[in-house]
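So that you can see what the record holds, here are the features copied from TrEMBL:
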- B:61-80: transmembrane segment (TRANSMEM)
- B:137-155: transmembrane segment (TRANSMEM)
- B:176-197: transmembrane segment (TRANSMEM)
- B:252-273: transmembrane segment (TRANSMEM)
- B:280-299: transmembrane segment (TRANSMEM)
- B:376-394: transmembrane segment (TRANSMEM)
- B:415-434: transmembrane segment (TRANSMEM)
- B:480-501: transmembrane segment (TRANSMEM)
- B:522-542: transmembrane segment (TRANSMEM)
Amino acid sequence: MNNSVMNTTRLLWAGLRALLVLTLVTGVIYPLVITGIAQGLFHDKANGSEIKSDGKVVGSSLIGQSYNLPLKKGQETPEPDLKWFQGRPANGLGSNSVNTRYKLLLSGATNLSADSKDLIQQVKDAKAAVIKDNSVPGWTVRPSEVPADAVTSSGSGLDPNISPAYAEIQAHRVATENGLPVARVEKLVKDHTQGRTLGFMGEPRVNVLELNIALKDLVANRS
Amino acid sequence: MGPVLAGFLQLLALIGALALAYVPLGNYMAKVFSADKHWRVEMWVYRGIGADPDAKMRWPAYLRGVLAFSAVGVLFLYLLQRIQGVLPGSFGFSSIEPAQAFNTAASFVTNTNWQSYYGEQAMGHIVQTAGLAVQNFVSAAVGIAVAVALVRGFARSRTGELGNFWADLVRGTIRILLPGAAIAAIVLVACGAIQNFSGIHEVGQFMGGSQQWNGGAVASQEAIKEFGTNGGGYFNANSAHPFENPTPFTNLFEIFLLLVIPFALTRTFGVMVGSVKQGYAILAAMCTIWLGFVVLMMWTEFAHHGPALQAAGGAMEGKEVRFGVGSSSIFAVSTTLTSTGAVDSFHSSFTGLGGGITMLGMMLGEIAPGGTGSGLYGMLIMAVIAVFIAGLMVGRTPEYLGKKIGSREMKLAAIYILITPALVLVFTAISMALPTPPHSMLNSGAHGFSEVLYAFTSAANNNGSAFAGLNANTDWFNTMTGSAMLLGRFLPMVFVLALAGSLAEQKPVPVTAGTLRTDKPLYAGLLVGTIVVITGLTYFPALALGPLAEGLA
């Protein structure tokens, strides 16, 4: 056989063996060891930071949810349940189209550009809805009070947080809908506001699921 | 404290952490690639490979090693995806179609990590951990190996020998990437990134009903995805997904991970050529560009021009509340100036100029600080060109690090810098001219053109981030971006290694009064100028049609 063919074959064979050995090290041993340590030391976090209410798992503190009323007949998009604090829009969230055995959450952003007509419309509609939903008799939300995160979709579509400003403008509505004093709900928001990590990392935020769980407890204990 | 101030404090903290790691990591890597002794575990690996780690290789042999290992890598990853349907732990996902499997294999082997698939609905446990994550390690190690070979070319004389590819590959993986990734993975899990092997499971919801998530070895993959400047996300939303990047701290930590090796390699370079000051000059040029881009990005994102962002009152579209505008801007610049391409916010929804900055970062050739290894060798090619230009000005034969830059060296360097722009511009032009490919654009007008330009810029530069509005999962884009990635990765490596071989054969030229001092600020400035001029002239027309038109509209 030709010498150069022989050499190439030998080289590719060495390459394959190198790949298999390194796959064993970095693709089998490494993830298994890390999983072992993670499951041993940080069991809850390694499994998705699940969070309970009344003894039942109601989601993950890291993954955003929707707080909507059940779909009525003929409706395509559900209406928000105004009793609960609402998260950010998630217009980029997809649904599984490849393997329809599952209803997987498909993370994602809208990817619409800053000059996109669709995005301008989405933002305007969202702003109008936020103002309408959160204005209660005797207290009107002004357009300038609506923060940017309330009218834009997040990068993952699963943002678990809202800005404190967005939580605060929802307080009057939530208080009215649940028959609670406004001051009590505002205090609840304050208690669930997380500042920047070490005072400078990231942005202040409110975890919507944790806030709603606390709200639920508050409503239940009221009577 | 306002968000702008907080953004700058985060930048300062990041710079502080990188500065602390610079000397120890840089020295350590120099030691790894200079040590005579092999670790026992490495000897087992060499026995498994059947290679002699002490055999000296000249540049053609070194290159053959790189190409053979990468070719096998593409084929293996392609086949693994094609048989996914019958592999255990695949969540019942089917095998990946040929065009997409080729694209993904090319993407991960070239350190690009462009993804035309949705991670959470396409890839099961085995393909993710034993296929994609393995290439995250070894493609980064290959990049470092080639960079180290070039550094040896400068450091050695009267020999053509550049070291042993197998030894460099194995040492880079086992002594540098593996320990670093292991520590980083544990930190990420401690902050909330998931790490398990559960299947798709239902989790109850507050309003009743349930969500469905897939489990996965996410933290272990996330760690090497950043540390090896890879960028391919476990989930579609990449590092914006809370399971990949749960807190503001992890966000800064991930930016640190993706920058630390590329920056520290300039120290490794300095140590190996016997003058750490030479490393500082290269570092200074990298830092100037990186810092300039970060400041520019923060300015445009905080100012949030663009009608939709003005209506919203802030540039929060495609960004997460926990990171905010400041931290997302630092991430976006760092991921596109390295070859990472991971995203914690979606570049397509940035301001017009912000999107342009991410694209320009890649067009610079990803050298400030660039990918693991590829950043250093790309920058050293620019350094060669800069001394050549300086030599022309004063009419002397240019020298760099005691080596003459003659016509052979300049030809190799010149071809190197032409390859990537040629790929980007030709592939973009063909895609825009054909009738069907433009149907993949989500947005219209200037932004639609930017989507296609971004795709080929990202592919040919081995970045992997996207203006993700583009539907890249078509036969055309899968095949063409896949080819751009392979050509954009391995063609330049041919010329880098040929240059290294040619330098290593020379005898050193003594330093005289007339030698251009390449360890001074003046030279660092010249280097930055060279980079900006070369990139500017190459890409200005294309940028004017896309992001500039959008930003100025």
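Note that Cβ sites are derived from N, Cα and C of the backbone, with glycine treated the same way.
Automatic, uncurated: that is what TrEMBL annotation is.
Counting residues 6+ beyond its ends, the transmembrane segment (B:522-542) has Cβ neighbours under 8 Å at 281-282, 284-285, 288-289, 360, 363-365, 367-368, 382-383, 385-386, 389-390, 417, 421, 424-425, 428, 453, 516 in the same chain. Counting Cβ pairs under 8 Å to the transmembrane segment (B:480-501), the stretch among B:61-80, B:137-155, B:176-197, B:280-299 with the most such contacts is B:137-155. Put simply, of B:61-80, B:137-155, B:176-197, B:252-273, B:415-434, the stretch with the most CB pairs closer than 8 A to the transmembrane segment (B:376-394) is B:137-155.
Residues of the same chain lying 6 or more positions beyond the ends of the transmembrane segment (B:176-197) and with a Cβ under 8 Å from any Cβ of it are 28-29, 32, 89, 125, 137, 140-141, 144, 215-220, 222-224, 226-228, 242-247, 249-250, 253, 257, 261. A Cβ distance under 8 Å defines the sequence-distant neighbours of the transmembrane segment (B:252-273), meaning residues of its chain 6+ beyond its ends; these are 10, 13-14, 17-18, 21-23, 25-27, 29-30, 33-34, 140, 144, 147-148, 151-152, 154-155, 176, 180, 184, 187-188, 191, 222-223, 226-229, 239, 245, 279-280, 282-283, 286-287, 327, 330-331, 334-335, 338, 340, 342, 344, 369-373, 375-376, 379-380, 401.
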